[in-house]
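Peer 1: Grabbed the feature section from TrEMBL, which reads as follows:
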| type | residues | note |
| --- | --- | --- |
| SIGNAL | 1-27 | signal peptide |
| DOMAIN | 27-86 | domain 'Sushi' |
| DOMAIN | 88-152 | domain 'Sushi' |
| DOMAIN | 153-214 | domain 'Sushi' |
| DOMAIN | 215-277 | domain 'Sushi' |
| REGION | 286-366 | region 'Disordered' |
| COMPBIAS | 296-310 | compositional bias 'Low complexity' |
| COMPBIAS | 311-360 | compositional bias 'Polar residues' |
| TRANSMEM | 371-393 | transmembrane segment |
Amino acid sequence: MYLLGGLIAPPLLLLPLLLLCPPAAQGDCSFPPEVPNAIQTVGDLQSFPERTTVTYKCKEGFVKVPGKADSVVCLNNKWSEVAEFCNRSCDVPTRLQFASLKKSFTKQNYFPVGSIVEYECRPGYQRDHLLSGKLTCLPNFTWSKPDEFCKRKSCPNPGDLRHGHVSIPTDILYAAVIQFSCNKGYRLVGAASSYCSIVDDDVGWSDPLPECQEIFCPEPPKISNGVILDPQNTYVYQQAVKYACIKGFTLIGEDSIYCTVKGDQGEWSGPLPECKGSQISAVIPASETPTTVNASATKPTSTPQKPTTANVTGTKVTSAPQKPSTGNVPGTKATSTPQKPTTADVSAKQNSATPRTTSAPHGRGTFSSDAAIIAVGHTCIILTVLFMMLVTIG
């Protein structure tokens, strides 16, 4: 007996009510079936009502076979049929530096054993038809080893750099780099390097040959009281500039400087020479030892002394003997005292005279006047004595 609205209903009256209930619970599917090498993606679902869809994903190391279904649907309390769709496959084909997969293989991700893919050369490379451009998926699910079936293209010969050098470290093939440098005394104008790159459908150099320009030094510096010998309008590396001093000055230091370079600028070597004035001083030494006196316009004053020989213009005066004494006195007044014999050479002819003391006028002059008078006087006396002797004898 059952209560219905507070009344007891017989069991037969409950049957129509059960028939009126919706059949939702009766349409649920059980847990989705297992698929080889795949896992269901059900999340937190505990029940699977009518038309519920469950998708599978392949286990690690397996990939979905293209064209095969990877999901099931709950229909009439049953799951739809699903075939095995996960299989072993090679990974995505090897990426090569010199080649790329042809477009027909770029979107493919399933490569079972025995699959073959084909490559084409990248820009900057050319095909070597003697080698295969294909790879095969091997039974161990790895790709066969590729040959280098694409070779780098060659850029044209860069040529010679005037007054410089082109350095080629490796070669002139695609992606190679070359460097440029200039000789000493020149500066580089342009790119210092160039690389072999893609130009249109071929390869070529990224930058043209640069230029090596000659480096000039600035105008050479001037020096006080000096001049530059053979000056030029321009001066280049290693060119020299020679200096000389004007009259009355002496050059101190090296007489030349040279044009050198620092970086890409010209500069002069150093230091500069100097021109200094000349100074001449006379030194009169003491006459205690034998001395030779070269006198021009001197006034010797003598006192009684030992014999002295003097060569004076136009005369030869012999004085009392004395000890030798030598002195070089240009244009000075010399006073003699008793001393050893002295020899004085004065520019003059030689004449003989009797021993006597000689003197010259003060200031500039020679002994010629007094010596001549003395010589004439002696001659007259001798002639007079001879004449008187002849008269007496006769």
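We count from 1, first residue shown onward.
Yeah, the Cβs are placed from backbone N, Cα and C, and that goes for glycine too.
Just so you know, TrEMBL annotations are computer predictions that nobody has curated.
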Peer 1: Could you give me three numbers for the domain 'Sushi' (88-152), the DSSP helix, strand and coil residue counts?
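Peer 2: Going through the domain 'Sushi' (88-152) residue by residue, I get 4 helix, 21 strand, 40 coil.
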Peer 1: If I take every residue in the domain 'Sushi' (215-277) and average their pLDDT values, what number comes out?
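Peer 2: For the domain 'Sushi' (215-277), the model's average pLDDT rounds to 94.
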Peer 1: Could you give me the DSSP helix, strand and coil counts for the domain 'Sushi' (27-86)?
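Peer 2: Helix (H, G, I), strand (E, B), coil: 1 helix, 22 strand, 37 coil.
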Peer 1: How does the domain 'Sushi' (215-277) divide up by DSSP, counting helix, then strand, then coil residues?
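Peer 2: Residue counts for the domain 'Sushi' (215-277) by secondary structure: 0 helix, 33 strand, 30 coil.
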Peer 1: Treating G and I as helix alongside H, and B as strand alongside E, what does DSSP give for the domain 'Sushi' (153-214) in helix, strand and coil?
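Peer 2: Its residues divide into 0 helix, 31 strand, 31 coil.
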